[in-house]
Amino acid sequence: MNIFEHNIKNVDKGNVVAIVGTQWGDEGKGKIIDMLSKYSNITCRFNGGGNAGHTICVGNKKHALHLLPCGVLYENNVNVLGNCMVIHLKTLMKEINNLGNNILDRIYISEKAHILFDIHQEIDAMQETRKSKDGNAIGTTKKGIGPCYSTKASRIGIRMGSLRNFENFKKLYTKLIDNLMELYNIKDYNKEEELNEFYTYHQILKDKIINIMLYINKSIDAKKYILIEGANAAMLDIDLGTYPFVTSSSTTIGGVFSGLGIHHKKLNLVVGVVKSYLTRVGSGPFLTEQCNEIGDYLTKKGFEYGTTTNRPRRCGWLDLPMLYYVKYINCIDIINLTKLDVLSGLKEIYICIDYKNKTTGELLEKGSYPLEEEQLREYEPVYEKFEGWDEDITNCLEFDQLPEKAKKYVLAIESYIKTPIVWIGVGPTRDHTITRKFD
């Protein structure tokens, strides 16, 4: 389905579509972004860095992308790295070289994106080790994301635009690295070697670093089809997620506008990606987590290992109060439900439909969510039980081909969140997707 050509909610068809994860990441955003990228002219990342990971299966080949938008797999697609990204250039160049096929010709990088240096990763590892000793580890990817955003907020970071003038870049680099080495008592750091690497990056990338706000807005006015790709997910948002177990950037729809420099009225459609069960990597509260054979089953059958870290993900039942909250703050128009096939073989499946206060018995107001860990401890999940199904659904091409019990599960989710589920993932590749009609 070419979503850009579809009229939504009786409004004129639009040319700007955003994809957001609705949980703690790893929902399967990469597949739907890949599917829609073949219709778009431009695919954009607006936030985050190499801590994000999209795995895309095309035939028998797997592509793991951490910085590049998924549109790089289509030759007709220009790919943009946005203002609010933090970019480790060694990782970026490795991805570009791995893909080949003149990928660089189709990439633009925001002059306002911040550069993530190796020292940021070193600091990240030091901080996580220290927190682990205190029992307060967040479970970061140690990719340097937090420290890089910290230097950005402290106004001592270096933006991509500075790399165009290498002599000026060297001065900024020396000042930043010396500052961080002194602050974190780092004795041994090879500045000369890293500067040599960055001179190579300067030569390769200087013409790819542009004012992407102007580029995107002119493209919107020219009626180009633009796909906006969210990294991480809503519940990891620095402000609206389960703080402090979050990432360091705005991952919700509000981050799009600063991340790309576009007006909110230019966004036509928001697609929320929902995994059929729930997963989380690292520390943090997880009310529906299943630390039992069910959790083990979901981990193994769903291949729930992090794209970036390869850590096994914590698994549990789908959480609808969380999903409704995320829908509320992102104005989600339609849903892509992923990995329904993983639930095949379970005798019983549960969905959390409410949070109940352990002391008062009161139910949480729909649309709200207790984001602090102490608040969440006051609640317990209220479940609705569904009968499972044994059938292999990976060859189902239409909704009506699904087992009745699987259809009932999908429709229950749709009824609760009052948002149409348009795509249903029933297997790993882009071909394993059911598309439903919607108005």
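Including glycine, each Cβ sits where the backbone N, Cα and C put it.
Quick look at what Swiss-Prot lists:
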type	residues	note
BINDING	25-31, 53-55, Lys62, Thr307, Arg313, 339-341, 425-427	GTP binding site
BINDING	Asp26, Gly53	Mg(2+) binding site
BINDING	Asp26, Glu27, Gly28, Lys29, Asn51, Ala52, Gly53, His54, Thr141, Arg155, Asn232, Thr247, Arg311	IMP binding site
ACT_SITE	Asp26	active site, proton acceptor
ACT_SITE	His54	active site, proton donor
BINDING	Thr307, Thr308, Thr309, Asn310, Arg311, Pro312, Arg313	substrate binding site
Per DSSP, Pro312 (substrate binding site) is which: helix, strand or coil?
strand
Using a 10 Å radius around each Cβ and counting other Cβ atoms from all shown chains, which of the binding-site residues Pro312, Gly427 yields the largest count?
Gly427
Tell me which of the binding-site residues Gly25, Gly28 sits in the most Cβ-dense spot, judged by other Cβ atoms within 10 Å.
Gly25
Identify which of the binding-site residues Lys31, Arg311, Arg313 has its Cβ surrounded by the largest number of other Cβ atoms within 10 Å, counting every protein chain shown.
Lys31
Cα-Cα distance linking Asn232 (IMP binding site) and Asp26 (Mg(2+) binding site), given in Å to the nearest integer:
8
Ten-angstrom check, please: count other Cβ atoms within 10 Å of the Cβ of Gly53 (Mg(2+) binding site), all chains counted.
20
Given the binding-site residues Asp26, Asp341, which one's Cβ is surrounded by the fewest other Cβ atoms within 10 Å?
Asp341
Assigned element (helix, strand, coil) containing Asn232 (IMP binding site), judged by DSSP:
coil
For Thr309 (substrate binding site), which of the binding-site residues Lys31, Asn51, Gly53, Thr141, Asn232 has the nearest Cα in space?
Thr141
Quick one: of the binding-site residues Thr141, Asn232, Arg311, which has its CA closest to the CA of Lys31 (GTP binding site)?
Asn232
Please report the distance from the Cα of Asp341 (GTP binding site) to the Cα of Arg311 (IMP binding site), rounded to the nearest angstrom.
22
Distance between Arg311 (IMP binding site) and Gly28 (GTP binding site) at the Cα atoms, whole Å?
16
